[in-house]
Each structure stands twice: as C-alpha cells, then as structure tokens.
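As given in Swiss-Prot:
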| type | residues | note |
| --- | --- | --- |
| REGION | 96-119 | region 'Disordered' |
| COMPBIAS | 98-119 | compositional bias 'Low complexity' |
| ZN_FING | 137-186 | zinc finger |
| BINDING | 156, 159, 174, 179 | Zn(2+) 1 binding site |
| ZN_FING | 350-399 | zinc finger |
| BINDING | 369, 372, 387, 392 | Zn(2+) 2 binding site |
C-alpha cells in the first residue's frame, strides 16, 4: 500500500492516548453496507495530498460500527490544527522560551505537514526581544549615566550604585547628591533639549518670520500717561450738567484757560495740578511735621515744582520739627531691656501671686518647691497652687487667703482663680472665713 491511509494518520495523531497493540484489533478490514453485503474499505492514496484530513474528513457513515467508542467519535476525528501556539508565554529559567508540549499544553498539534508521520509537534524558533518598558525613546540625558538592570533597577556608571524605581527624577536626584558636576551638565542639556523641542513644535504649527522683532516706532513714555491734546478753553458745562453761579469766582479757571507753552503737553495735567494745589491744599494738610517717607517725598516734590519759595528756611523748620517730634515719641515709650542673666523669664514685671514665696525657678525653665524640693513643670501660679493643694494643705490655705485678700484690694468684687477654695477642717473656722472673705 503506497502512502499513508487515513487510518494511519489518525492512529499516529492519538498515539499517546491509544496503545500500539490495539490497532489491528480495532480497525476492521471490511464494512457491511446497507444491504448486508460486506465490502472492503478503499485505501486512498494520501502521499500527494497533504490536506487530506481537512478536505475529506471522516464522518458517521464511514464509522457506523464504532460510534459508541468515546475515543473515535466524529468530534475527535476531525483534526483542526491551530496556526499559533497558545502557551508561548512561559519562560524557562535561562530566559529561552520553552516548547508548550513539554508543559502539558492542550495545543499538541503543530503547523507541520499532516501527511508525514515523522513528527506532528514541531515548535517554531522563539524570538527574544529586549526588555523595553516603553516604546518611546528616553529624552532625559540622565539616562546616559545609568545602566538598566531590569524594569525597577538601574546602576550608576560613575559610582556603580543601584537606584531603585528607575525613573528620570530619581536618577537626577542621585546625580545631584553624589555627582554635582555631571548634574549641572545634565540640567543644561535638558534645558537646551526642551528649548529646541519647543522651537520645533512652534514652527510646525505657526509660521515664524526670520526677523521676529517689530519695526514699529515706540513712543517714549506713552505707556505712563495717556496722550492728551492741550485744551484751548475749559468749559465745565461740557462734562457736567450744572448751571452758572454768579457768585462763583472765575479767577480759579484762568490758569486752566491759558496753559504755559513751555510745558510738555504730555505732562501738562500733572504739572498744572502741582502748581495750583501744592502750596494751598497739601501744605495746609501737612502743617504738622510728618515722620513718614510718603509725607517727606510729597513735600520735596512740592518744592521742586515751585522753586521761587523760600526753600531753605522752610526745609530747616521742617527738619527741626521732625527732630522734636521724634525725641518726644522716644521719651514717651518705655525702654524695655531684655534680661541676659535669666533668659527663662517671659515678663519683666514682678510676680504678684503669693504662691511664688514657696517656689524658685530652675535653670531648665521649671520651678522647684522649697518645702519638698519637688519639680513643677510649666511654672505658673495655677500649677503651683495645685501642687500645694495636693502635698501641702496648710501652706495652700495660707496662700489662698493671702491671694483673695490681695485681689480684694486691687480688684474689688472680682475673683478670678482656677484653684478651688481650701477645705477647712473646722466648720466654725470656715464660717468666719466665709463671712470675712465673701465671694460675690
């Protein structure tokens, strides 16, 4: 028999599932047709047709006597060979992709010739790609100083230190801490790269002329004062709806009507304002000497605009008045000198609470009890009174009475204390003390 029959192809494909000794007993040589006449199975020549299984699949008519067998039904008889392996994601320890048939993959067929019975599970050659995290190139120049170990680690080429969480920020910080000169180079290169990148992108979207500088004439001081043409006459009725008052002094508008020709038209409103109001309104408002820089600057500008006045005498009078006022203000303010020997004191006033008679300050900012040498932190009268109330009841009662008596003298009718009154043992004593020092 030339070539390979379809039975041999099926048996070779399922050679791992079916033992070899059962082939002759399972496959018969003759089959009975519908009329009860047995006829031999025709042996087709498959040597010249490699797609025999796909073009002439076996069906239920061919294997009517063996439909009860689970291994030779029509479902498993039709061979569908996939073109791509589905288990190529596994890698071996040496970094080479392994064959999926070695891992027990379900895709045991291959893309080789089905008609050949030599091998039906030949895997293609694996292609190893470099470990690239992103498709775009790295634009930061700091990558030139580092060698990538994996997706999370890089090694510095200068000091061979490993930097985790490989990104441009961490690598730039490493250069900044350990390689200052190279860090300056990297920052300069990065700025230059970004400037060039921005220039290229702007040229792509906008047309930039070769000479971008404007040749329009620039008027000096045009942005300081608006351009105003000199007015020939000033008529208030043009701007305000008012009636003419016969009692109004018309001499106030003479200088508005005839401005000086020597004055620059651009600065004419400002100079006109100074000439009319500098000596009348501002000097009357600044009759008293001013110690602020604003007042002195206004006075200087007023004298500059009116040089005909007696500048020297007026300026001397202002300076003398300023000196007198400054001396008076300094004398009125009490001069406070910070103590240098006791830096822990927060206030310069004397402690008025009588509880301080039982405590003294320590060098660390706390206080020490004179009776029991106990240290009280955060020294204040409330903490001292609580210490006496817990540990020295007799002294606490005395201090409390002294404090109430002193408060009655300085602040009559007002008793502000965060410490409770003493608990007297004798009821009669408590009554007498309560009648003597009644708290309203």
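Think of each number as a place in line: the chain as shown, counted from 1.
Each Cβ is built from the backbone N, Cα and C atoms, and glycine gets one as well.
Predicted, not measured: the structure shown is a model, and the values here were computed from it.
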Among the binding-site residues listed as 156, 159, 174, 179, the Cα nearest the Cα of residue 392 (Zn(2+) 2 binding site) belongs to 174
The number of other Cβ atoms within 10 Å of the Cβ of residue 369 (Zn(2+) 2 binding site), counted over all protein chains shown, is 18
If you tally other C-beta atoms within 10 angstroms for each of the binding-site residues 174, 179, 392, the top scorer is 174
For the binding-site residues listed (156, 159, 372), most other Cβ atoms within 10 Å of the Cβ sits at 156
In three-state DSSP terms, residue 369 (Zn(2+) 2 binding site) is classed as strand
Residue 156 (Zn(2+) 1 binding site) falls, by DSSP collapsed to helix, strand or coil, into strand
Apart from the site residues 156, 159, 174, 179, the 8 Å Cβ neighbourhood of the Zn(2+) 1 centroid comprises 145, 157, 158, 161, 163, 175, 177, 178, 182
Of the binding-site residues 156, 159, 174, 179, the one whose Cα sits nearest to the Cα of residue 387 (Zn(2+) 2 binding site) is 174
Spacing of the two Cα atoms, residue 369 (Zn(2+) 2 binding site) and residue 174 (Zn(2+) 1 binding site), in whole angstrom, works out to 56
